[in-house]
Amino acid sequence: MTDERPKVAVLGGGSFGTAIASIAADNGARVNQWLRDPALIEQINREHRNARYLPDYAINPAVVASGDMQEVLRDAELVFIAIPSSAFLTVVRQALPWLKPTQILVSTTKGIQEDGFKLMSQILEEETGFPHIGVLSGPNLASEIAQKHLTATVIASDDPLTRARVQSALGCDYFRVYASNDRYGVELGGALKNIYAIAAGMAAALGMGENTRSMLMTRALAEMSRFAVALGANPLTFIGLAGVGDLIVTCSSKLSRNYRVGFALGEDKTLEEAVTALGQVAEGVNTVSLVREKARREHIYMPLAEGLYQVLFNGVPARQMAQMLMQQEQSSDVEFILSRQDVFEARRLEPGAEET
């Protein structure tokens, strides 16, 4: 008898890939998960848990882990790629011989490739040329999903079929999937917020108050949207789950990897010590450098990203950098309502302002 259940493939054995695999299995799909570590493969299949990335949380027994890429991808209707950005291209190329144009390919990776400043869905598009490509992003802490805490996410794609199929595959009583057609904006939001989570962790370690945290998050949102809109994204995307939603959870939760790196740095640990203690990839560290370079090339004002770069890579003390940022010229709150240039022009109207 033929098994009519949809087949889902998940590439990646980390915390989020494992959580997505378990959701799809909860919804009745046949789920195969590809990963490299033989010991972890055996543990998922035998004990139905991932002790390295999601300790103490049960995985749906229907999830079958394997190191055989061809077998995992065989007959899969939906393919979720949950691989760190540094290895994303390599894994996509490894999978390419067994991918088909009819498959729906969805990136869950919140990062940027250094070569060409490419987002993960752009890599999928370039490498495959397939029509059904999407991005899954939002305020999604994997450990909370694994505990079946009520969670919402965004599937972003130009393709209506991709959006609909992902909503059907993952939507359930504890995981709600909203749709967007701004793939670029949703993906940029997921990558950019990691920068500011590091800054939020530093601020917490330095004992800064709630006013400071609120200021940091709202100015981070302004900076994220300024950068993304300059590159072609829709500014309204950033008032949704993939913008302010993801920013809030990543800057507030001690479960956030980037927040934890920032907190360690705020306690005067070196970057190497902070990343080593984490034991997982914190995408924000690499993203800071890439975004800072891109912003300079495109002449986009990014004071928080610039300041964080100085702390991470040039050894400037975090408290000193915060003081320097507070001394910068005051500008517009919401630039899509009142531009920075209009604020600066208005200062010329003040008594005693110099003629220019």
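Backbone N, Cα and C define each Cβ position, glycine as well.
The NADPH binding site feature in Swiss-Prot is assigned to SER15, PHE16, ARG36, LYS110, ALA142, ARG257, VAL281, GLU283. In sequence order, SER85, SER137, GLU187, GLY190, ALA191, LYS193, ASN194, GLU283 make up the list of same-chain residues 6 or more apart from LYS110 (NADPH binding site) whose Cβ falls under 8 Å from its Cβ.
Residues or ranges marked as sn-glycerol 3-phosphate binding site in Swiss-Prot (evidence: sequence analysis): LYS110, GLY138, LYS193, ASP246, SER256, ARG257, ASN258. The Cβ of ASN258 (sn-glycerol 3-phosphate binding site) lies under 8 Å from the Cβ of ASN194, ILE195, ALA197, ILE198, GLY201, THR250, ALA282, GLU283, GLY284, VAL285, each on the same chain and at least six residues away in sequence.
Summarising the annotation, Swiss-Prot assigns active site, proton acceptor to LYS193. LYS193 (sn-glycerol 3-phosphate binding site) carries a helical DSSP state (H, G or I).
Using a 10 Å Cβ-Cβ cutoff, SER15 (NADPH binding site) registers 23 neighbours. Spanning the listed sn-glycerol 3-phosphate site, residues LYS110, GLY138, LYS193, ASP246, SER256, ARG257, ASN258 have a farthest Cα to Cα distance of 15 Å. With every protein chain in view, the residue among the binding-site residues ARG36, SER256 whose Cβ has the most Cβ partners within 10 Å turns out to be SER256. DSSP assigns LYS110 (NADPH binding site) to coil in the three-state reduction, outside any helix or strand. Every protein chain shown contributes to the tally, and the Cβ of PHE16 (NADPH binding site) ends up with 23 other Cβ atoms within 10 Å. Note on ALA142 (NADPH binding site): other Cβ atoms within 10 Å of its Cβ, all shown chains, come to 24. Using CA atoms as reference points, the binding-site residues GLY138, ASP246, SER256 were checked against ARG36 (NADPH binding site), and the closest is SER256.
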